[in-house]
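Participant: Got a structure for you, written out below as structure tokens; questions coming shortly.
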Amino acid sequence: MSHHWGYGEHNGPEHWHKDFPIADGERQSPVDIDTKAVVPDPALKPLALLYEQAASRRMVNNGHSFNVEFDDSQDKAVLKDGPLTGTYRLVQFHFHWGSSDDQGSEHTVDRKKYAAELHLVHWNTKYGDFGTAAQQPDGLAVVGVFLKVGDANPALQKVLDVLDSIKTKGKSADFPNFDPSSLLKRALNYWTYPGSLTNPPLLESVTWVVLKEPTSVSSQQMLKFRSLNFNAEGEPELLMLANWRPAQPLKNRQVRVFPK
């Protein structure tokens, strides 16, 4: 019954392997980034995030987070360079967060957890569509951005203001004209490694690009994330208090760092 996965005691990350055996695979995400063990690689380039023409469409509560969806029918918002070969189109972004401000990020840095983590999901245009790309080892590229508790984030507030209208699973709301680059800091220094989606189906098709510099979020803004529901309307209320997967074994992988 694969559609019953979640983040609870009986269906959470430690149970996923039963329906999705790849959960114990060789390139699972997230991981802890040990800054003393990362490898500088002169072949890495600066990231090119070309989001000027980005066309956000709508916001959807999918029962495990909420997605802000983009028009990916053309090269409107793309990611290039960095560790990547080719062009990757932005299809959606979403967040992972915790039940308190001291946890919630999926990646950790020297075991340190942040309050939340933004994932900007892109697919390799050489594969024609997201579904096909998600099955390929170089099919997806996800940019991870840590949210660190501090000042309120005005760009993020535009997103949070819509959450009341998508409180329960299956609800969606129009969300045009949002610029995803407003959520990013200017400095795009990063760590990168080969990994996976961090929730089922956990496909091992992701080149991870984790930005070193966190963006800010206030404690008050964090409360808004936790006001969403995992459940659909009319079902018993289950607050979306936490939706993060813990760090997975690095196994035979290297985390590379830019700049060196």
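Placed from the backbone N, Cα and C atoms, the Cβ positions cover glycine too.
Copied straight from Swiss-Prot:
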- His64: active site, proton donor/acceptor (ACT_SITE)
- His94, His96, His119: Zn(2+) binding site (BINDING)
- Thr198, Asn199: substrate binding site (BINDING)
- 3-259: domain 'Alpha-carbonic anhydrase' (DOMAIN)
- Ser2: N-acetylserine (MOD_RES)
- Ser2: phosphoserine (MOD_RES)
- Ser165: phosphoserine (MOD_RES)
- Ser172: phosphoserine (MOD_RES)
- Tyr7: site 'Fine-tunes the proton-transfer properties of H-64' (SITE)
- Asn62: site 'Fine-tunes the proton-transfer properties of H-64' (SITE)
- Asn67: site 'Fine-tunes the proton-transfer properties of H-64' (SITE)
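Surface or core, plus neighbours and distances: that's what I need for these features.
Facilitator: In the three-state DSSP assignment, the secondary structure recorded for His64 (active site, proton donor/acceptor) is coil.
Every protein chain considered, the tally of other Cβ atoms within 10 Å of the Cβ of His119 (Zn(2+) binding site) stands at 23. In the three-state DSSP assignment, the secondary structure recorded for His119 (Zn(2+) binding site) is strand.
Taking a C-beta cut-off of under 8 angstroms and a sequence separation of 6 or more, Thr198 (substrate binding site) has the following same-chain neighbours: Ser29, Pro30, His96, Glu106, His119, Trp244, Arg245.
Taking all protein chains in view, 13 other C-beta atoms sit within 10 angstroms of the C-beta of Ser165 (phosphoserine).
Neighbour list (Ser172 (phosphoserine), Cβ cut-off 8 Å, at least 6 residues apart, same chain): Arg58, Met59, Val60, Asn61, Ile166. In three-state terms derived from DSSP, Ser172 (phosphoserine) belongs to an extended strand segment.
Sequence-distant contacts of Tyr7 (site 'Fine-tunes the proton-transfer properties of H-64'), defined as residues of its own chain at least six apart whose C-beta falls under 8 angstroms from its C-beta, comprise Pro13, His64, Phe230, Ala242, Asn243, Trp244.
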Participant: What same-chain residues, at least 6 away in sequence, bring their CB to under 8 Å of the CB of His94 (Zn(2+) binding site)?
Facilitator: Ser65, Phe66, Asn67, Val68, Leu118, His119, Val121
Participant: For the recorded Zn(2+) site formed by His94, His96, His119, name the remaining residues of the chain with Cβ within 8 Å of the site's Cβ center, in chain order.
Facilitator: Ser65, Phe93, Phe95, Glu106, Glu117, Leu118, Thr198
Participant: Long-range neighbours only, meaning 6 or more apart in sequence with Cβ under 8 Å: which ones does Asn199 (substrate binding site) have?
Facilitator: Trp5, His64, Arg245
Participant: Just how many other Cβ atoms lie inside 10 Å of the Cβ on His64 (active site, proton donor/acceptor)?
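Facilitator: Result for His64 (active site, proton donor/acceptor): 17 other Cβ atoms within 10 Å.
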